[in-house]
Amino acid sequence: MSCPVIELTQQLIRRPSLSPDDAGCQALLIERLQAIGFTVERMDFADTQNFWAWRGQGETLAFAGHTDVVPPGDADRWINPPFEPTIRDGMLFGRGAADMKGSLAAMVVAAERFVAQHPNHTGRLAFLITSDEEASAHNGTVKAVEALMARNERLDYCLVGEPSSIEVVGDVVKNGRRGSLTCNLTIHGVQGHVAYPHLADNPVHRAAPFLNELVAIEWDQGNEFFPATSMQIANIQAGTGSNNVIPGELFVQFNFRFSTELTDEMIKAQVLALLEKHQLRYTVDWWLSGQPFLTARGKLVDAVVNAVEHYNEIKPQLLTTGGTSDGRFIARMGAQVVELGPVNATIHKINECVNAADLQLLARMYQRIMEQLVA
């Protein structure tokens, strides 16, 4: 028996949409949405394709996602070519099956079924889709959100189809994400010969006490919704490669994944105070890739929990763990934001796959969420 969710997922996988190349995925989605009465606005920026689609008016529920995928790696290591979808033992294999073409297909099919049953729905149903989530994300959802905010576009609820589940679909729902702040720090010294240290100033030696103190800081203890803030050193570089040269500079890159207990400005102030305490000469560059956000219990979370309980007979965990997602941009619009998608065990891996039955279940969950919020 054919399944429209599986068929659409396979059509999307066949389009090798390596970020930010959409490879025709959005045209396929747009065609399906326009056929059921959606108005579609393309919002392309530079090399990235985005679209905003809506049907109806009033309180707005948007489904958000991305058509782009990460590179497949060594195609010879796949059980089947990564862009030729295949089903084995109930599992659908292909790059993007779980992240997140399966979710996109489930969203669109859910919308088709919802509109067929509720042609005069009272709220507004919308889609916000990008082709740049996996790469730089500079011209994707963030730019589309800026354009929507500039004209005071309404967005009350947003469901992001990222693969949130761990073992079975719906066992985990993400109702927030930690913030992410990266520090690119250069400590300046004076290069010289290792035999004449009095004529040089070793930045590695200078920075060692600072780094020791930095890694020992307990930034916070988290809260009911977030784990404690984490700081990790990601890269350290110094020296010329020669064993007789004292380096002139030390580069250190470290990243904070921070909770709502802190702001990026609080973190910056503490790091800068520590640098001054240790009397270091430095230059610093900060990159804030996302503020923390949280959607507490409310209409959207309740609708999502209800849908999962109805179709999978489990109570989902509400978590804020993991990396960042495009939900961080959408939250700026004041919307309640939740992530619900398939099992994430194989995302970005060789032989990425998803349980085909899970995608059918996901489409039913999405439809029930629509029925609770905008019918």
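Cβ coordinates come from backbone N, Cα and C, glycine included.
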*Of His310, His348, which one shares the Zn(2+) 2 site with Asp99, Glu134 in Swiss-Prot?*
His348
*Can you pick which of Glu162, Glu167, Glu213 Swiss-Prot lists for the same Zn(2+) 1 site as His66, Asp99?*
Glu162
_Please report the three-state DSSP label of Asp99 (Zn(2+) 1 binding site)._
helix
*Among the recorded positions Asp68, Asp99, Glu133, Glu134, Glu162, whose Cβ has the fewest other Cβ atoms within 10 Å?*
Glu134
*asked:* I'd like to know which of the recorded positions Asp99, Glu133, Glu134, Glu162, His348 sit within 10 A of Asp68 (active site) at the Cα level.
replied: Asp99, Glu133, Glu134
_When you rank His66, Asp99, Glu133 by Cα distance to His348 (Zn(2+) 2 binding site), which of the recorded positions ends up on top as the closest?_
Asp99
